[in-house]
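Trainee: Quick one: structure below, then a few questions.
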Amino acid sequence: MDEFAFINSIMPSQAQQPSLIKGIGDDAAVYKTSGQADQVVCVDTLVEGVHFRRDTLSPYQIGVKGLASNISDLAAMGATPAFYLVSIAVPESWNEKELREIYQGMEELAAEYRMDLIGGDTVSTPAALVLTITVIGQVERTKAKYRHDARAGDLVFLTGYVGSSAAGLELLLKRGRTGSFSEKELALVKAHQEPSPHVEQAGLFAGFAGRVALNDISDGVASEAYEIAEASGVSIVIGADSLPFHPGMDEHSFQQRLDWALYGGEDYVLLGAAAPADVKELKERFSARQLSFFEVGHIEEGEPGVFLRHNGQLKKLEKQGYNHFQKRR
Ligand SMILES: Nc1ncnc2c1ncn2[C@@H]1O[C@H](COP(=O)(O)OP(=O)(O)OP(=O)(O)O)[C@@H](O)[C@H]1O
Ligand SMILES: Cc1ncc(C[n+]2csc(CCOP(=O)(O)O)c2C)c(N)n1
Ligand SMILES: [Mg+2]
Ligand SMILES: [Mg+2]
Ligand SMILES: [Mg+2]
């Protein structure tokens, strides 16, 4: 069984509510309200042993990362975060102080975006800690950005470094979070532990009149590019030499950096596509705010697929990346 095939199999064939704009199939759902804004909602879960271990994230960082990864899905729609709800399933091995630290992590990040905690649920569980967060945001009416909006002729871009989180995870799995790290290594470790969602960048996309396709990087560039390719019915070509890597990865081989970027995931930067003239304009707007914006490829007509241009050759990539059900039957 494959995670993505499973999700497709449970997709309702039609909507009951006329206010629904986008249900299953993007980073978050979007629906109309009677006001000026459309509402944007999504939910994501962190599981002990899958998304973190006690020796990779502190309780505080579990809170930060849990909320950050959810806010990132709102950013991938061009939305501004506003509210969150938290469901936590707690095994006996976690004490009250640790739980408070998880909430402190969420609170501090929430404060940056003026988000309110408005509800949740607390239950016990026999084994691993599970943290499920629902986030609610808004975007100006009809301005949400979707995976299905890429067109042949577009340029493909990234709003930040890729592969850093996987590189940081490898260091953490080797040395544990109390291990010692050089300054460069620490930047990678932090990228894994406390990612910053691209909310300011989302605002620039939402405020841009042109067509923009967007996705955030949770499962790796290859997998997220496939999601845009499939949703838009286009073929994506990515230049291996254009992928932006953190300088902390310099001492690793190019192949290793490429693997982390394409298949590592959890970078929570935005991957998108827009027409060349619009990309030029976006680049200027990002530059004026001192935000990164990297051109990494282009879109062609053809069967949905993702190709990597490397050393003058074009290679079709597998839709690989983090897949929760990959090893199951
Ligand atoms: N069990 C489920 N039931 C209903 N909808 C689901 C379920 N799992 C995922 N979805 C929906 O499927 C779509 C894709 O979900 P997916 O989790 O792959 O996206 P994502 O949250 O952007 O990625 P990630 O979880 O890797 O951060 C979303 O619209 C999501 O709401
Ligand atoms: C201890 C430990 N081992 C492995 C990983 C890597 N990992 C787990 S889930 C995931 C994809 C994103 O999750 P989702 O698709 O649920 O949003 C990745 C890359 C980790 N973070 N910690
Ligand atoms: Mg996403
Ligand atoms: Mg999800
Ligand atoms: Mg995933």
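Note: Cβ is positioned from N, Cα and C throughout, glycine not excepted.
TrEMBL annotations: computationally assigned, not manually curated.
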Trainee: Same Mg(2+) 3 site as Asp27, Asp216 according to TrEMBL: which of Asp73, Asp259, Asp267?
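Mentor: Answer per TrEMBL: Asp73.
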Trainee: Which one, Tyr103, Tyr113, Tyr146, Tyr322, is listed by TrEMBL in the same substrate site as His51, Glu266?
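Mentor: The one candidate that TrEMBL places in that substrate site: Tyr322.
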Trainee: An 8 Å radius from the center of the His51, Glu266, Tyr322 Cβ atoms defines the neighbourhood of the substrate site; name the other residues of that chain inside it, in order.
Mentor: Val50, Ser165, Ser218, Asp219, Gly265
Trainee: Checking the contact step here: among the binding-site residues Asp27, Asp44, Tyr103, Gly120, Asp121, which have a Cα within 10 Å of the Cα of Glu266 (substrate binding site)?
Mentor: none
Trainee: State the Cα to Cα distance, in Å, between Asp27 (Mg(2+) 3 binding site) and Arg147 (ATP binding site), rounded to an integer.
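Mentor: With distance taken Cα to Cα, Arg147 (ATP binding site) is 8 Å from Asp27 (Mg(2+) 3 binding site).
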Trainee: Of all the binding-site residues here, His51, Arg147, which one's CB has the most other CB atoms within 10 A?
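Mentor: Of the binding-site residues His51, Arg147, the highest Cβ count within 10 Å belongs to Arg147.
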